[in-house]
């Protein structure tokens, strides 16, 4: 998506350790009108999918998912990353390893909010090694909902997550795929 | 706000320990069209305030803040609850005690995203003992931005947070104030 690639080139900052910081517009400060444009693009790409629910994971996925959901007219459910006193009752759980925080955590979703009748679109800001997305897919499978696909804002194409998810047969739409990055250059995978 | 009070009565669940669960529409599953109505109401109440930025705290505040921000046409910044490897550079920090999780954590905001030129509206889903909101107010003060007020979806009027914040002279708008709750009844404070 050209608008997104231009914004990454303008405002993204590459840090050591293959970190791409887009915190000025996507996941710390959030440019709401810009993210609405991403929402329209996700809707265009998944226009044929009978989506009933958008699933994401806290924290930075939530705001993006809420804005995107407006174009699908469906609720958002977000998986939580730790056991909360407020989250009693039956829950779907999955273990996830965080690339950013270098730790393993539980992903938790109340069973009330996902079931066999649902058609789910996963939304997240980043796809790198794919662990967070694998956790969400595991939860969708456990709920026996239908997984319609995953919409990612920025995929790090040089890490294994995208290939792993596509090899599973999941429909994955990444709005920008970064194939390589150095301190002075970013290369995007050409749009297909 | 009548629409909100009706929804709390219809879908809210009271749990032991003064817990009001609204996770079917507000902070686990999110009813996007409903939350947009809350956004319109916040805009109506703060129509005269020259807001340049909405500040919230992860995780459940983020989605609400993003939807609300559409009516103010301003960016959202969200404070994070722990040190993240991606959050380098200079940061505002404040210590917060969580009522829900019974622990103390650091609230962190990059200094890049809040400064003396900003007029800030705080947005969060719940106000109980006020600790999270006090942490955000502390960060606004440290940034030397102007605090225009705080917009809360549900205030627990029987806990001390609301009084504490109002006594500081902060303009606090809570869309619903629960004055008491038992297993079979909820009492709302009459609208002023």
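Using N, Cα and C of the backbone, Cβ positions are placed for all residues, glycine too.
Note that this is a predicted model, so its numbers are computed, not measured.
These come from TrEMBL:
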- A:20, A:27, A:156: xanthine binding site (BINDING)
- A:128, A:129, A:130, A:131, A:132: 5-phospho-alpha-D-ribose 1-diphosphate binding site (BINDING)
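Where TrEMBL records a feature, it is marked here on the structure.
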residue: A:20; record: xanthine binding site; Cβ neighbours (10 Å): 18
residue: A:27; record: xanthine binding site; Cβ neighbours (10 Å): 22
residue: A:128; record: 5-phospho-alpha-D-ribose 1-diphosphate binding site; Cβ neighbours (10 Å): 23
residue: A:129; record: 5-phospho-alpha-D-ribose 1-diphosphate binding site; Cβ neighbours (10 Å): 16
residue: A:130; record: 5-phospho-alpha-D-ribose 1-diphosphate binding site; Cβ neighbours (10 Å): 24
residue: A:131; record: 5-phospho-alpha-D-ribose 1-diphosphate binding site; Cβ neighbours (10 Å): 18
residue: A:132; record: 5-phospho-alpha-D-ribose 1-diphosphate binding site; Cβ neighbours (10 Å): 28
residue: A:156; record: xanthine binding site; Cβ neighbours (10 Å): 24
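For the pair residue A:129 (5-phospho-alpha-D-ribose 1-diphosphate binding site) and residue A:156 (xanthine binding site), the C-alpha distance works out to 8 angstrom. In sequence order, A:12, A:19, A:21, A:22, A:125, A:126, A:128, A:154, A:178 are the same-chain residues whose CB sits within 8 A of the CB centroid of A:20, A:27, A:156, the residues recorded for xanthine being left out.
Residues A:20, A:27, A:156 are recorded as binding xanthine; their most distant pair of Cα atoms lies 16 Å apart. Residue A:131 (5-phospho-alpha-D-ribose 1-diphosphate binding site) sits 18 Å from residue A:27 (xanthine binding site), taking the CA atoms of both as reference points.
Distance between Cα atoms for residue A:156 (xanthine binding site) and residue A:128 (5-phospho-alpha-D-ribose 1-diphosphate binding site): 5 Å, as a whole number.
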